[in-house]
Amino acid sequence: MRHLVDAVLCVHMMRNLCWSSVTERMRPGSAAVFLSLLMNVSTGQTLTCPQKQYQINDRCCPMCPAGGRVYADCTESRSTDCKPCPEGTFMDHPTSRPVCYNCKSCDEGSGLKMKTSCTIVSDTVCEPLEGFYCSDSRKDDCVEARKHRRCKPGEYIREHGTSSTDTVCSICSDGTFSNGTFPSCQKHTQCESKGRELLRPGTETEDAQCGGLLLHRTVLINFVVVVMSLFSVLLVCYLAWWIIRLLISEVIAAVLYYQEGMNSGQSSQQSLMSDDSKESKDETVQDPVLVQLLDPDKLC
């Protein structure tokens, strides 16, 4: 080592004068090391370690593999001492760090859930909850999630939301409606075509409201008209029968009165006329014309 120090001093002081004296005193095999060191010092370069190694002072130590951490740096007599990452930590690449990374948690309050649990070589992988989509992702891991949009009344769901995309809504066209949960707008019910009365026209958010069947309404109206017509006919028949019966009664009374007057003038034939009067009276009452006139069933 003293020879190397002397060589470095010679570089800065008397390069050509001391070159021969230093090399003469070196042990066999030291010339290559001396030459490499001399070139680095003369050009101002520092020590560069190969891939998967790290520098400690003037040495290059092997890195610990994924899933481990550096417990003790290497020395001239031993390699780097590595320890596995403790539970709840990980290391996903070769490292010179003495501490592993902490495993993250998936926050349900932020719309995330665990997709893959943490191991010593990989961090926890999160994904969106049902009804959420990932708005910020890094590789396969979801960092931030947002709730799917809910379509408003008058809109339909053109594209359902997924774990990576939001819901897409569109406005219903004229003559259709949606409450915001339909995958397509529905046509308004045509009440007239179904034989129903239109109570309220449809809007972009509600269907048309129909009443009772128009056929039932028509039948009911026709039934009322027929009943009223029959009642009117019966009423007319009854009034006609009542008037005719009254007239017939007056005619009969007048005939009887006339007959009684005739009978009172014939006192000499009272007994005979009395019998004839009774027979005449019976014949008058039993007259078929009068009986037919008095029969209410024959009037209408």
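Glycine is treated like the rest: Cβ placed from N, Cα and C.
Annotation source TrEMBL lists compositional bias 'Basic and acidic residues' at 275-284.
Summarising the environment of CYS61 (disulfide bond), the number of other Cβ atoms within 10 Å of its Cβ, over all protein chains shown, is 20. Under DSSP, CYS61 (disulfide bond) is assigned to a strand (E or B) in the three-state scheme. What TrEMBL records for CYS61-CYS74 (among others) is disulfide bond.
The disulfide bond annotation in TrEMBL covers CYS64-CYS82 (among others). Listed in sequence order, CYS64, PRO65, GLY68, ARG69, VAL70, TYR71 are the same-chain residues at least 6 apart in sequence whose CB falls under 8 Å from the CB of CYS82 (disulfide bond).
Taken from TrEMBL, the feature disulfide bond applies to CYS85-CYS100 (among others). Counting every protein chain shown, the number of other Cβ atoms lying within 10 Å of the Cβ of CYS100 (disulfide bond) is 21.
For 48-82 (among others), the entry in TrEMBL reads domain 'TNFR-Cys'.
For the domain 'TNFR-Cys' (84-126), the residues of the chain that approach it from at least six positions outside its boundaries are 52, 54, 61, 63-71, 132, 140-147, judged by C-beta separation under 8 angstroms. According to TrEMBL, the feature domain 'TNFR-Cys' maps to 84-126 (among others).
The region 'Disordered' annotation in TrEMBL covers 268-289.
The repeat 'TNFR-Cys' feature in TrEMBL is assigned to 48-82 (among others). Among residues of the same chain six or more beyond the repeat 'TNFR-Cys' (48-82), those with a C-beta under 8 A of the stretch's C-beta atoms are 90-100, 119-121.
The average pLDDT for the repeat 'TNFR-Cys' (84-126) in the predicted structure is 96. As annotated by TrEMBL, repeat 'TNFR-Cys' applies to 84-126 (among others).
Among the features that TrEMBL reports, transmembrane segment is placed at 219-244.
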Just to be sure I understand, if DSSP states are collapsed into helix, strand and coil, how many residues of the domain 'TNFR-Cys' (84-126) fall in each?
3 helix, 13 strand, 27 coil
Out of CYS64, CYS74, CYS85, which of the disulfide-bonded residues has the smallest number of neighbouring Cβ atoms within 10 Å?
CYS74
